[in-house]
Ligand SMILES: NC(=O)c1ccc[n+]([C@@H]2O[C@H](COP(=O)([O-])OP(=O)(O)OC[C@H]3O[C@@H](n4cnc5c(N)ncnc54)[C@H](OP(=O)(O)O)[C@@H]3O)[C@@H](O)[C@H]2O)c1
């Protein structure tokens, strides 16, 4: 008999880059974890393959047609019930049988289910950084009120979590912390001139030098908006003012982030750039399990470089800081405008250098209000999307 109680895990966004890595880690530890439910948007074939391999209780497809296709293609003896839409997603995020929820839906669409998991007091493995960017206040309140265990999956925040002091309850504290050093690879255009960056194509933007990720986050890495969103995420997760979060460009992506202390110490977490490390950490915390990641060979690595970010060539980092200073719904507006602009860039409707211009104008046009409910946040998100769509229409190249 296994020495561990098997944990039931719902993987929201199971067909994406984080979802696939999560299922890889789960499959290495069948005595500890079971993929209890899987969810995707429209990728029927991929979800079907995952259902056959993991035999979950539930599979959710957001799109009703896709749900119907999946339902009719799964063998009845598998015993997997197919649900659909937001209702299905919320069900598998909160069901009493679920121990842990991997929140890995991409973008603002991931907020309601991640928030529901937090409200339901689950172990929440948070990959969907947009949840904290859009509704950090509501999200952290939900975590504190329900007693949910929030484990950051973004490699940088996971590294910071690992380097922070632990309080008497075993949770990360801030005693003696002077600042957090958030590392950034600098993305594929780190050494490009402003003119080269302006002419960048979606393929070039998605070719990240170190990480294999979904297309949206890959573009965010190329603009440095990913680091801007992570800055906001760090402020909420670790209850720090933005001035205490410094971005340091580290092109090798081996140091995943650092914490600097009042006594001059700097603690860092290092490892090969493979998301299975933070995923395994989130699943097993406070224990450690095999993640399938190759051991780091520092001698073969040879050198680790650090430099300051250039907000002249990469204005998105400045825009994210401005959104933090503006407070309220400004961060949700920044996120929504970015999503619209990135989608337009990936579709070839605007140039790469128009992405920050759309975000800046949307932030200027949408008034900031207090984000005291999910409805207020969703309304700010909708207004920002409408504004950004209009701006995209005017800028079309
Ligand atoms: N990839 C990384 O290394 C990484 C690192 C740190 C943080 N993150 C964060 O993790 C999240 C996921 O990133 P990713 O790179 O894994 O994204 P991805 O590869 O694009 O996968 C996104 C997943 O979400 C599903 N999805 C898309 N729209 C949805 C909707 N409206 N409702 C429900 N599900 C939907 C997709 O299903 P379909 O396949 O059907 O479209 C897919 O399963 C993002 O918030 C990202 O910022 C990612």
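Backbone N, Cα and C define each Cβ position, glycine as well.
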Same-site 1-deoxy-D-xylulose 5-phosphate binder from 97, 178, 185, given that TrEMBL records 129, 155, 156, 208, 221, 226, 227, 230: 185
Same-site NADPH binder from 187, 214, 228, 264, given that TrEMBL records 15, 16, 17, 18, 128, 130: 214
Nonlocal residues around residue 214 (NADPH binding site), in sequence order (Cβ under 8 Å, 6 or more apart): 16, 17, 18, 106
Cα-to-Cα gap, residue 129 (1-deoxy-D-xylulose 5-phosphate binding site) vs residue 154 (Mn(2+) binding site), nearest whole Å: 8
Sequence-ordered binding-site residues from 16, 156, 208, 230 with Cβ under 6 Å of an atom of ligand 1: 16
Rounded mean pLDDT for the residues that make up the domain '1-deoxy-D-xylulose 5-phosphate reductoisomerase N-terminal' (9-136): 97
8 Å Cβ shell about 154, 156, 230 centroid, Mn(2+) site members excluded: 129, 152, 155, 157, 158, 182, 226, 227, 233, 234, 257
Within 10 angstroms of residue 130 (NADPH binding site), Cα basis - binding-site residues out of 154, 156, 208, 230: 230
